[in-house]
């Protein structure tokens, strides 16, 4: 892609998110989301592969549906209450519609079905943008919609954690596994959204760091399915020892960073007398942990099914910059001892 066009599209991504961040009016927020969607569509279709074009079309249709719902709900709110302000949501009908529209935008279950298919058709770099940056603007709006429908948020959250766990169990494609992982993590964030917005923000931040580490690792080792993970030890031995730790951190195992948000969320749910919900969420984390362990097993404890040494990939020096990966993976693995300071920092 032409670097000037690429710079323009990335500027559009940043501008759309910034407009949504800065807006207190529903029309401006909607406009920011639309700029965001229109900026990423050419990035998704740049390879011109049929799978990429199909994924782009699915993504565009899902986002257009969510944007139409959002616009309809905000107009309904203005008609019912005379207010366009994001903080002035007094009627339950437009509030519920807006939460559902934003859930469709970020891919919460049961409105998640576009997410695995779209991510599977993209390259890892665009998939990383879709899994991280594209969640920021809708989450900003979800944090501002008050008073939200508490039951709806809890149902969306627990459904997403369960679907994210069950959906990834039988997958062999890494990008689909990452999509279901994203759905499960979003469910954890939504569960605690109404009780502790700061904890939701902390979980989102930790999720971004862990996902960034994993996408960059897979990009460097050029892995797209489980079978190619078995050959990664020949290409990047150091990376082969780090990726299982990143995967287990995503699964939420102590003493890795991913345990921190899950621990705090379960504690908060228990404080709110929602112990059964916390139990189901903790059990759903075990489902996710299973397919992370499966990936770790395939990467470190299995050999590629080739008889001849000559069929193994050449171990050539990587020309890609690894400093961002080094910083992100260190944060993904080693942040748990800073849990008291982190929790204090994010307590508003």
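Placement of Cβ uses the backbone N, Cα and C atoms for every residue, glycine included.
Curation does not apply to TrEMBL; its annotations are automatic.
Per TrEMBL, these features apply:
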DOMAIN    23-287  domain 'NADH:quinone oxidoreductase/Mrp antiporter transmembrane'
TRANSMEM  60-80  transmembrane segment
TRANSMEM  92-115  transmembrane segment
TRANSMEM  151-170  transmembrane segment
TRANSMEM  177-195  transmembrane segment
TRANSMEM  201-221  transmembrane segment
TRANSMEM  233-254  transmembrane segment
TRANSMEM  274-293  transmembrane segment
DOMAIN    289-341  domain 'NADH dehydrogenase subunit 2 C-terminal'
TRANSMEM  325-346  transmembrane segment
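Distant neighbours of the transmembrane segment (60-80): 26-27, 30, 33-34, 37, 41, 89-91, 93-95, 97-98, 100-102, 104-105, 114, 118; these residues of the same chain sit at least 6 beyond its ends, with a Cβ under 8 Å from one of its Cβ atoms. Between the transmembrane segment (201-221) and the listed ranges 92-115, 274-293, 325-346, the one holding the most Cβ pairs under 8 Å is 325-346. If one looks beyond the transmembrane segment (325-346) by at least 6 residues along the same chain, the residues whose Cβ comes under 8 Å of a Cβ in the stretch are 198-199, 201-202, 206, 209-210, 212-213, 216-217, 220, 242, 245-246, 249, 254-260, 263-264. With a threshold of 8 Å between CB atoms, the same-chain residues lying at least 6 positions outside the transmembrane segment (151-170) that come near it are 96, 99-100, 103, 108-110, 112, 116, 176-177, 180-194, 274, 277, 280-281, 284-288, 290-291.
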